[in-house]
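**Q** Can you read through this structure? Questions will come right after.
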Amino acid sequence: MAKLKIAGTWSGDLQVELEQWTVPMLREEVAKQSSMPPETINLICAGKVLKDGDGSEKLSQLGIKNNAKILATRVCVDEGKSLVAEEERSRRLNRVKAAAAALVERHADGSLPLEDFNIELEDQNGETIRFGTETDRRAMMMGLMLHANAKKLIRRQLYKDALEVLTMGEEAFSLCNPKVIELVDNVPLLQIDMVWCYFMLRDISWLSVAGMRLQKAREGIECAHGKDSFRMRLLQAGRHPELALHLRMELLEGVVAYHSGQFDKSRKALTSAQAKFFQLQVPDESLSLVMSMGFKEQDAKRALRISNQDVGTAIDFLVEEKAKRAQQREDNNRRRREIAEQKQYGMTPMKKAVDLQRLKALVSIGYEKELAAEALRRNENDTEKALDDLTNPESNSSIQLEIESRKRKRHQKSTNVNIEQLVAMGFERSAVVEASRAGGSIEQIMQRLLSQTAPNTSSAANNPESSSITTTNNVGPSSSNDNENVIGESTTGEIEERDVEMEDELACELTGDVFADYDVEVSKEGKAINEYLALIDSAVNV
C-alpha cells in the first residue's frame, strides 16, 4: 500500500495500491471524502490534470509515487439544483441590479432622494469626488454598489452568486472614462475578488481568464497607488493598508503559475505572499497593549496590521479614525436635516431638490427663506431667474399664494389623517369632522370628543365608513407640478415600483469605511500558500 497526500476540496492521506488503482477509482474516493459528486472533482498532480483515459491505466503508470501530493479541485457543473431554486437565484440577482440602478438614478443627478440619506462618492480623505460627466458618476456609483454587494456574498461564501454580481459591477465600471478609472483602485480590487471567487470554487477552467485579470489588477493598482505603493504611502502617512491586498494577489498569481506549469514563477510569488502573511500576524503582546487603551479587538488588529505592528502608530491611527467617524456621524445628521428641509420645499419641474447653498445666498441678502426656496424650485435652481421672480411684484405675489396653498393642503392632509384615525377608534365621523374644525393635535380633538359625547363602541371593522376616506377629495387632485409629490406623499404606484428591501440592503453595505477593501482576514490565504508550496515541492521531486 502507498500513501497519497490529498489537498483541496478535502485534505488528508489516502492508502492506495498504485499498481491497482486507476484515476476513476481515486476520483471516486476523493469525492466520497469531500461529500461531492465524482464528476465535480478534478485531480491534479505535479501541475497536470489526471484524466480518466480508458479507465485501465494504473496510477503507477502515470508516474504517481508513494507520498505524492494530489490537489483536488471542484469543477463548476450542473449540480442538479431545482428549477425553482435557480429561478429564485436569478430573480435575486435581477433585483440587485434593478435596485442599484434605481438608487443611482435618484442619487447621481441631484434629484430629491426618497430616503433620509444621500449617496455620495468620496476619496480616502473623505472629500467628495466630482466627476467630469454625469455618465462617469452614474457608472462609478453603480459599480461601487454592486461590488459592495458582491463582497457581502463573498463573506457568506456564496462565491457563484458573488461572481455574477461582480460581472455586473465590471460592466458598470466599463462605462466610465478610462482616465477616471486610472485614478481609483476599485476596478483592480474587483478583478482580484473575481479571481478569488474562481479559486474558492476550485475551478481551474477559469485559468487563462484569471491570469489576464490579475495582470490588469496589478497594472491598475500600480497606476492608482504609484510604483511600489509610493502614492499610497504619502496618502496614508507611511502606513501599509494595502499589504493584505498584495498578499492575496500574489497568492493567486502563484496558483495560476502553478497550474500553468511555471513552478519557479509560482514559488517566487508564493514565497513573497508568505513573507507578507508573516508580516501581518499580530503579536498577542501588541494586541493586548492596544486593547488596554479601550479599543475593540477587531479594530486593534486592523490598526496593527496597517501600521506594520507598531503600537504607537496603531493607536494614533485608531484615534484619527474615531475622530473621523464622529465627524462622519455629524455630517450624516446634518445631511439628513438638509434632506428633510428640501422635502418641505418640494421638487423642481425636473424632479431635482432645491439647492440649499443657493437658497442660503438668497436668504443672506434679505429674502424670506420659504419664499426664496419656492422661487428657486420654480426656476430649476437658477438664481438669476429666481431673483427676477422675487423682485417682480406679480410673480412674488404668485409665489406667496402658492406657499399659502401648500400650507393649506398640508394642514388638510394632516387633518384627514387625524379624522381617519379617530373614526377607526369608533367615533362618529360627523362628530370627528366637527371637532376637527377648531384645529389642534389628535389628542386635543379626542379630548373635545370625549367631553361632548361617548364614542361609538362598535368595532372599527364593522363601521361601514372606516375603510374609506371621503374628506381627502375636498383638497382636489394634485397637478403634475404640485410640490406635495415628494417622499411620503407619492402615489401608490410609485411606492410599489420601488424594491425598498433590496435598496436598503445595498445602501447599508455602503459603509464609507475606506479601509474595508484592504482589511482582509488572511487565514485562508496562509493555508493556501502552504498547500501550494507543498504541491510545488512534490512536483519538482517527481
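A Cβ is built for glycine as well, from the same backbone N, Cα and C atoms used for every other residue.
Taken from TrEMBL, the feature domain 'Ubiquitin-like' applies to 22-70. The domain 'UBA' annotation in TrEMBL covers 281-321, 353-393. Summarising the annotation, TrEMBL assigns compositional bias 'Polar residues' to 453-493. Look at TrEMBL and you will find 453-502 tagged as region 'Disordered'.
Describe each of these features in terms of where it is and what it packs against.
**A** Each residue in the domain 'Ubiquitin-like' (22-70) has a pLDDT score, and their mean in this model is 83.
Each residue of the domain 'UBA' (281-321) gets a DSSP state, and the totals for helix, strand and coil are 29 helix, 0 strand, 12 coil.
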**Q** In the same chain, which residue numbers or ranges, 6 or more beyond the ends of the domain 'UBA' (281-321), come under 8 angstroms Cβ to Cβ?
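**A** Beyond its ends, the domain 'UBA' (281-321) has Cβ neighbours at 236, 238-241, 243-244, 515, 518-519.
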